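Colleague: Once you've had a glance at the structure underneath, I'll fire off some questions.
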Amino acid sequence: MSNVDRAEIAKFEALAHRWWDRESEFKPLHEINPLRVNWIDERVSLAGKKVLDVGCGGGILSEAMALRGATVTGIDMGEAPLAVAQLHQLESGVQVEYRQITAEALAEEMPEQFDVVTCLEMLEHVPDPSSVIRACYRMVKPGGQVFFSTINRNPKAYLLAIVGAEYILKMLPRGTHDFKKFIRPSELGAWSRDAGLQVKDIIGLTYNPLTKHYKLNSDVDVNYMIQTLREE
């Protein structure tokens with residue numbers, strides 16, 4: 001059984017043509033991208049690394065990591081977002097290899113091939129997040145690192161990520177997120193450890209609606225990212 005939610009894919013297929021419009025529904029992704037790439041780069045030094053971006057969508061993170069000197073492969077199951085990613089790299093001149101394939105299928109094909117694997121804002125959109133985490137473990141080289149980001153599951157996250165972002169501030173289309181699919185840090189940590197990954201660090205991402213700025217800090221109540229290591 002494929003670990004793909006067709007309804008989730010359809011949501012992003014419908015919006016794909018606006019992926020690189022910085023004033024569109026993807027504005028938050030564009031704004032948080034530099035913060036996240038810096039955090040990752042500080043921990044792994046992307047230059048010269050072979051990197052896999054799981055759930056790459058239209059390529060915002062993939063291109064940013066390639067610009068830091070990484071050799072990047074981006075995978076996604078959305079045909080339209082991948083088409084947008086491929087068109088955008090023709091425009092930007094940034095080289096990324098894009099493929100329409102699941103993490104699980106690529107893990108069969110390319111075990112232990114990547115220095116770094118990123119899987120950001122993707123786990124909350126698949127039926128079985130732990131399956132993706134296991135696939136990421138299989139694809140990263142021993143001694144390599146895997147980064148995940150998702151949204152915590154608690155009343156504050158519901159109020160800010162769904163009610164606030166989708167209904168009040170209208171930063172995202174209604175229905176972008178399903179609260180039941182949000183993932184607590186304890187759950188993500190347990191799935192990572194079960195897969196063989198050691199959790200090294202965790203950071204929160206917060207948004208100030210008054211200043212309209214994001215920042216990384218210790219508050220993991222809503223958005224957060226973890227760094228994990230596959231030991232040698």
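Any Cβ shown, glycine's included, is placed from N, Cα and C.
Below are the features listed in Swiss-Prot for this protein:
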BINDING   Arg36, Gly55, Asp76, Leu120  S-adenosyl-L-methionine binding site
Colleague: For Arg36 (S-adenosyl-L-methionine binding site), what is the secondary structure by DSSP, using just helix, strand and coil?
Modeller: helix
Colleague: Which residues of the same chain, at least 6 positions away in sequence, have a Cβ lying under 8 Å from the Cβ of Leu120 (S-adenosyl-L-methionine binding site)?
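Modeller: Long-range Cβ contacts: Arg36, Asp53, Gly55, Leu61, Phe147, Phe148, Ser149, Met225.
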Colleague: Using DSSP and three states only, what is Leu120 (S-adenosyl-L-methionine binding site)?
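Modeller: The three-state answer is strand.
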